[in-house]
Number of protein chains: 2
Amino acid sequence: MQRVKAILSYDGTYFSGFQKQPNARTVQGEIERALQHIHKEAVKVYASGRTDASVHAIGQVIHFDTPLSIPPERWPKAMNSHLPGDVYVHDVTFVPSNFHARFDAVEKEYRYRILRGEGDVFRRHYTYQCPHPLNIAEMKRAARYFIGTHDFTSFCAANTEVEDMVRTVTVATFEEHDDELVFICRGNGFLYNMVRIMVGTLLEVGQGKRKAEDIPDMIAGKDRSLAGKTAPGRGLYLWHVQYEK
Amino acid sequence: MQRVKAILSYDGTYFSGFQKQPNARTVQGEIERALQHIHKEAVKVYASGRTDASVHAIGQVIHFDTPLSIPPERWPKAMNSHLPGDVYVHDVTFVPSNFHARFDAVEKEYRYRILRGEGDVFRRHYTYQCPHPLNIAEMKRAARYFIGTHDFTSFCAANTEVEDMVRTVTVATFEEHDDELVFICRGNGFLYNMVRIMVGTLLEVGQGKRKAEDIPDMIAGKDRSLAGKTAPGRGLYLWHVQYEK
């Protein structure tokens, strides 16, 4: 058996998230269906992590094992020819049989696109359109408080089963690209809805509903109700997953 | 009755074109449904021209008559609150009762987005993804032959009922934006599928299948079979409609 690592992008709009579910269209379901076509038998896929409904990916990473002797450079075309238009495999490499897409990930980058304005029919599924004026300098200042190793309980959806809520955030910043404000966040791992709650909180700072200085207390309080709303999934992208060289 | 002029954009992906048809989702159908909600009676809408299935619009113009006393600045919100997410009214002005969105248009601009590459899941409905290398200098040179007043029979879908095939093209050029090549075409009017056949022909020039110098003969021959294929609708945008001041 050969372990295969694949990097893929997907448009999350018409998926009920990454993880396979009965009676729902999922990314994992589509990939496993494509691999079953190729293998004529079931193949299980493991991802770096799941993404929620409407969340997109530019650099999701998966692994699976294959008994087939297809060379790496031919795998993308083989898979893409069986995948729907909203999932695309960009790159495939062979990895040792102990590689694991989830457990070996050392850093992840998420991005969140905020469109400053409303009524862009072409980006309605790909950005969060914010019609309110935003104080970007304050948002940048607030974001810096997330950097470091913290217990992020306040920034985790309440219905999680994870026990260790400590994560290290190395990058939390905003870039302005034309009419978009893009939040870039990098860290060793993220809790359920963590980036979306961070963005929701930062949007409230940008609108003057909260102060940048309140972020440390929100973190210290370890209580989801202290942080802001969860920003919509459609602005979020799993951008890159980093593995040890 | 007040005649109302509205500028709107739409994502053509999930429409069977602009023009109302029985049992099909159309832009005109959605707008007339929204206006019927507001008026409690049927309101007929006239556009600058129809667009085909999957073709988008940034600056489509429509007109309709209303007995209501809603001021112009409140019309966009009134309409948008009844429109689906893929149609958006940007601007409304009151016009004299003899204004006509179609007959008064003096110039139209279309744009066609060609993505140089493939597998971009986010632009699959919004560009034509061309995996072949393209000689852009040749395409620019070829495009210039379209400028002027010509009989465009060779660049019109065969199943048209229009009799006068003479149109004046004032701009036909390519701009490069990052990984996209954008064809910009402006003229006093366009025949059915004209821009898409021009783009399809220019793509064949870019791939070395035809020469730029062949365009004048294609035009002179007045025969659809002399020109190239019709490029897919998803790359095409009705960008702007100009009216006499």
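Note that the numbers count up from 1, one per residue, in the order the chain is shown.
Backbone N, Cα and C atoms are what each Cβ position is placed from, and that goes for glycine too.
Each residue of the domain 'Pseudouridine synthase I TruA alpha/beta' (A:6-104) gets a DSSP state, and the totals for helix, strand and coil are 25 helix, 27 strand, 47 coil. Summarising the annotation, TrEMBL assigns domain 'Pseudouridine synthase I TruA alpha/beta' to A:6-104 (among others).
The annotation active site, nucleophile is assigned in TrEMBL to A:D52.
Annotation comment: TrEMBL describes A:Y110 as substrate binding site. Residues near A:Y110 (substrate binding site) in space but far in sequence (CB under 8 A, at least 6 apart, same chain), listed by position: A:I184, A:C185, A:R186, A:F190, A:V195, A:L236, A:Y237, A:L238, A:W239.
According to TrEMBL, the domain 'Pseudouridine synthase I TruA alpha/beta' annotation covers A:142-244 (among others).
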Exercise. For A:D52 (active site, nucleophile), list the number of other Cβ atoms lying within 10 Å of its Cβ atom.
Key: 18
Quiz item: Looking only at the domain 'Pseudouridine synthase I TruA alpha/beta' (A:6-104), what is the mean pLDDT?
Solution: 97
Exercise. Sort the residues of the domain 'Pseudouridine synthase I TruA alpha/beta' (A:142-244) into helix, strand and coil with DSSP and give the three counts.
Key: 35 helix, 32 strand, 36 coil
